[in-house]
Every structure is written in structure tokens, then in C-alpha cells.
Amino acid sequence: MLLQAFIFLLAGFAAKISALMTNETSDRPLVHFTPNKGWMNDPNGLWYDAKEGKWHLYFQYNPNDTVWGLPLFWGHATSNDLTHWQDEPVAIAPKRNDSGAYSGSMVIDHNNTSEFFNDTVDPRQRCVAIWTYNTPESEEQYISYSLDGGYTFTEYQKNPVLAANSTQFRDPKVFWYEPSQKWIMTAAKSQDYKIEIYSSDDLKSWKLESAFANEGFLGYQYECPGLIEVPTEQDPSKSHWVMFISINPGAPAGGSFNQYFVGSFNGTHFEAYDNQSRVVDFGKDYYALQTFFNTDPTYGSALGIAWASNWEYSAFVPTNPWRSSMSLVRKFSLNTEYQANPETELINLKAEPILNISNAGPWLHFASNSTLTKANSFSVDLSNSTGTLEFELVYAVNTTQSVSKSVFSDLSLWFKGLEDPEEYLRMGFEASASSFFLDRGNSKVKFVKENPYFTNRMSVNNQPFKSENDLSYYKVYGLLDQNILELYFNDGDVVSTNTYFMTTGNALGSVNMTTGVDNLFYIDKFQVREVK
């Protein structure tokens, strides 16, 4: 216990000292959480403190290096608005230097089913963390409880609460299932391709109920499962159950990604409606999605956040003294009328970014209500940009316009560096492919130029959200935050998250719109503004 306390104190001290260094790196994201220093990966233990009005985010954390390594801790951050985060001292530490406090979740034990609490702890703050203790010999599920609202934790003396004689059994995600008055856990038998479902009365004794196995993309292993009831967009009083599973390695685009299944849950078994794997985010940098145990109802009931990186290259990204960021928090719903193609409707996960900003520049409108030609490109300079921008674009394709398939029929946006315009992001839509593309390779940063896994070009299929008067309309919202880009198509029916890296200090702030064809694209609205 003395060694554990010493490690805990060292990590907390390092986190506090590094707070002084936060502003030394000019390209740190403004509205995506990053640790003050050290390595970060999976989000863990997400919950909302209804007493204090505060959100809690824990995460896999190595304070001693900028690459993954043991011992691995639970880092901690808090927020009042889900956008601006305050780094907190380490919350959970492993017992040994060759071990890790691996991923897990948090619950609020309002009714004290665990008997860890007395009346001095507000029921809204009765936090119990369920996490994987990893050693070279095994992975076992532990619980720890907090008596101070989630800042420090005491380990349950009779841990582990669940073991399987395996080194590949991890990532417990726990929620309360009201109809049966039981706790439900999903945990990954990673290399058996199983998500096992357990139930418990007290968080201490667990019963295996069923397994969801060998479904969707298998890759190398399953990780970071989650099961949550998600309301429908058309009628929020109705809902379906969604099973999230992370895959690494083995993503179709390389490395790591998240898939999901839509179905029903009866308290013991999850049954997918069609067993078809669906993709949560089509970018390269969105992994280990976890949803919040509870929320402020004004934000909705299904909120989640993911690690904004990819295991293929995460150890090499050019940031210092930290490495990795989180995505924005997203509000999830299910679009039960998603038009996958002209003949098929599907149930589709919809994502809406949570972004609370009070200090932003004015929206700059240009090219709106105009038809693009090769001769009339549009541009705007945000000369004081710090590199965090958001934009909204609504455009239409003229379906009566005949264009040769051999012509690259693009609408392109160019976000160029203010100090060096030879560094830029190019993104846009190509009509023949009906896809939105991104080129993040136009950088002088060595990592971008030389790392073969950092895919420079990628695309996402897009379908119009409406068609009228021979025009097919598309919509995209984008947030560029220093070195991470989130794109939401047609109000979040499709999402793509990707990191990018420019020379330090070369903030993106010059925006150009061009096309390679005449009279094909109609711009209904385009606006951009700086986020400060």
C-alpha cells in the first residue's frame, strides 16, 4: 500500500507541476481535452455530478512518458460545460510498476447497493469505479469507491470481483437496468471475440447471463464494449438499444475503429436486429468510444466521447509535452428514416457535437446563393486566427448538368496556413463519386511526410438530405481545432474525425473555395468563424 500511495502522489504531483507548462505549446487544441503532459488513450468512467453540476472524465494515462507504458493510471478531468476541461490529479493508481489500471466505467450507487457509503455521502455522488487490473499474469475486474465525489478512491478489499483466468478479459462498462433492478456489465473477452453480459445486485458478485459473439468486423480483438438505450430522432420517447464494440487492429481503413449494432435488450440478452455492423465514425482518429453513466437531461440521455487517435501511429504524432486528445462530446440519437440509398431506409446512429463557446468571432458569410464556376473562386482571410475554426456549408449539385466521368468534378475548400500557405488542408465533394474527401498530407511536418500509416487522403460517401428543382442538397459542419478536424454530414448522419499536423505556429486561417467544373455546384450557404 505504501508503494501504491507513493506512485499515486508522484503522478498527482507531476500533473500539478505540468499545469504550468500548458501554454508552452502553441498548437494545443482549444476545445478538445488534452492532458497537461504525458500519454493519454481510452476515456473511462464518464459521469455527471448532479449535486455540483460538474462532468467527470477519466482516462488511460501515463504521466511518465508521451507513449503508452506501465504503470498505467486513471487520469482525471472535470468540466462545467463539456467543452472546457480542468486537469485533476490522478484518480486511480495500479499496485505495481509492471501493472495497469486499465479501462473501465463509473456508476452512481444511489441506493447504496454496494454498502460502501453512509448518509454523509450525497446519493448523487456515490461513485463506484469498475475497472480492469492488468498484470503480466491476468486481467481481472476490480472496483473502487469514492467518498469525496470522484477525486480519490478506495480499493475494495476483496477484489477482484470478477476473474476469468485470462490475460484478455477487460474494459467493463456498467449501467443500472431499472426493470430488473440490477447492475448490468458488458466486458470483452477480447481475443475470443465475445462481449459477455453479467448481472449483479451489489457490484461485488456477478453472474454471467449471455454473450454477444463473433459479430461484425472481428479484426484482431474486441475492446471497450458498451450497451446503452438511445432515443430515436423522430420520437425521443421511443428508443432502441445500441451495442458499441471497438476493434484494434483490423479496421477497414487501418488500425482502430468503432462499430455498433442496433437491437433489443431484455435484461440478460442483447439481440441485434440484423447483425449488420455499422460504423460509428468514418475517420481515422476515433476510438474507444464510451458513453456517460448519467447526464444532465438538458443535454439528452445518450452522450459519449472517444479517443481522437489511431493505434497505428499514435505513439509518433508530433505533440509535446502531451500526446493525444479526446473528441468532442457527442449527443447520440437514432435516425429511423436514414436513407442509405434511394431504395433502403435503415436505423442509423446520429451524432451532434456538444460545443459551448462564448468567445467566438462573427460568422463570415461568403459565396452564399451563388453558382460556382472555374473562374469565380471565393476566399476569406481570418488574419488573427489562432487555428481553431468552425464552418457550415450547404451546397447542391445540379442533376441536369452533364459532366464527363473523366473530369474530376469537385467543390474544394482549402484551409491554408497564415504563416506558410504551402501547408494546408483540402477537403470537398466530388460529384461523380458522391463522396466528401479530405487531404491532410500537405504539411512540412516530418511525421506527416514520412509515417506510412498516417493516411493522407480519405473519403466518406454522402447522400443528399433533400432533392428539389433538379438540385440535390448536402450539408456539412466542420470544426478545425489546431490539429484535429471533426466533420458532421447532414446534421450528423455521418461523421468523420481526423487529426492533422502543421508546422507549429502556422495557424490555419485563409479559406478558399474552388471548383474544377462550371455551373455544377450551387452554394446555398457558406460561413466560417474563429473560435477563441
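Each Cβ is built from the backbone N, Cα and C atoms, and glycine gets one as well.
Per Swiss-Prot, signal peptide is recorded for 1-19.
The N-linked glycosylation site annotation in Swiss-Prot covers Asn23 (among others).
Around the Cβ of Trp39 (substrate binding site), the same chain contributes Tyr61, Asn62, Asp65, Thr66, Val67, Trp68, Gly69, Trp322, Arg323, Ser324, each under 8 angstroms and 6 or more positions distant in sequence. DSSP assigns Trp39 (substrate binding site) to a strand. Among the features that Swiss-Prot reports, substrate binding site is placed at Trp39, Met40, Asn41, Asp42, Gln60, Tyr102, Ser103, Arg170, Asp171, Glu223, Trp311, with the record citing similarity to another entry.
Asp42 (active site): 23 other CB atoms within 10 A of its CB, across all protein chains. What Swiss-Prot lists as active site is Asp42, and the listing cites sequence analysis.
Annotated N-linked glycosylation site per Swiss-Prot: Asn64 (among others), in sequence order, evidence recorded as sequence analysis. The Cβ of Asn64 (N-linked glycosylation site) has 18 neighbouring Cβ atoms from other residues within 10 Å, across all protein chains displayed. In three-state terms derived from DSSP, Asn64 (N-linked glycosylation site) belongs to neither a helical nor a strand segment and is classed as coil.
Positions annotated as N-linked glycosylation site by Swiss-Prot: Asn97 (among others). In the three-state DSSP scheme, Asn97 (N-linked glycosylation site) is classed as coil.
Sequence-distant contacts of Asn118 (N-linked glycosylation site), defined as residues of its own chain at least six apart whose C-beta falls under 8 angstroms from its C-beta, are absent. According to DSSP, Asn118 (N-linked glycosylation site) sits in a coil region rather than a helix or strand. The annotation N-linked glycosylation site is assigned in Swiss-Prot to Asn118 (among others) on the grounds of sequence analysis.
The N-linked glycosylation site annotation in Swiss-Prot covers Asn165 (among others) and is backed by sequence analysis. With a 10 A radius on its CB, Asn165 (N-linked glycosylation site) counts 8 other CB atoms from all the protein chains.
Around Asn266 (N-linked glycosylation site), no same-chain residue six or more apart in sequence has its CB under 8 Å from its CB. Per Swiss-Prot, N-linked glycosylation site is recorded for Asn266 (among others), and the stated evidence type is sequence analysis.
Note on Asn275 (N-linked glycosylation site): other Cβ atoms within 10 Å of its Cβ, all shown chains, come to 12. Sequence annotations record features per position, and here Swiss-Prot assigns N-linked glycosylation site to Asn275 (among others) based on sequence analysis.
Look at Swiss-Prot and you will find Asn356 (among others) tagged as N-linked glycosylation site, backed by sequence analysis. Spatially close to Asn356 (N-linked glycosylation site) yet at least six residues away along the chain are Asp81, Leu82, Thr83, His84, judged by Cβ distances under 8 angstroms.
In three-state terms derived from DSSP, Asn369 (N-linked glycosylation site) belongs to neither a helical nor a strand segment and is classed as coil. Annotated N-linked glycosylation site per Swiss-Prot: Asn369 (among others), in sequence order, evidence recorded as sequence analysis.
For Asn384 (N-linked glycosylation site), the number of other Cβ atoms no farther than 10 Å from its own Cβ, over all displayed protein chains, is 11. The N-linked glycosylation site feature in Swiss-Prot is assigned to Asn384 (among others); the stated evidence is sequence analysis.
If you look up Swiss-Prot, you'll see Asn398 (among others) marked as N-linked glycosylation site. Neighbour density for Asn398 (N-linked glycosylation site): within 10 A of its CB lie 17 other CB atoms from the protein chains shown. DSSP gives Asn398 (N-linked glycosylation site) a strand state.
The N-linked glycosylation site feature in Swiss-Prot is assigned to Asn512 (among others). Long-range Cβ contacts of Asn512 (N-linked glycosylation site) within its own chain (separation 6+, distance under 8 Å): Ser377, Phe378, Ser379, Leu413, Trp414, Lys416.
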Looking only at Gln60, Asn369, which of these recorded positions has the biggest number of Cβ atoms within 10 Å around its Cβ?
Gln60
Distance between Asp42 (active site) and Gln60 (substrate binding site) at the Cα atoms, whole Å?
5
Indicate whether Asn512 (N-linked glycosylation site) is helix, strand or coil by DSSP.
strand
Can you check what DSSP calls Asp171 (substrate binding site), collapsed to helix, strand or coil?
strand
Could you tally the C-beta atoms, other than its own, that fall within 10 angstroms of the C-beta of Ser103 (substrate binding site)?
28
Which one of the recorded positions (Asn41, Asn97) has its C-beta surrounded by the most other C-beta atoms within 10 angstroms?
Asn41
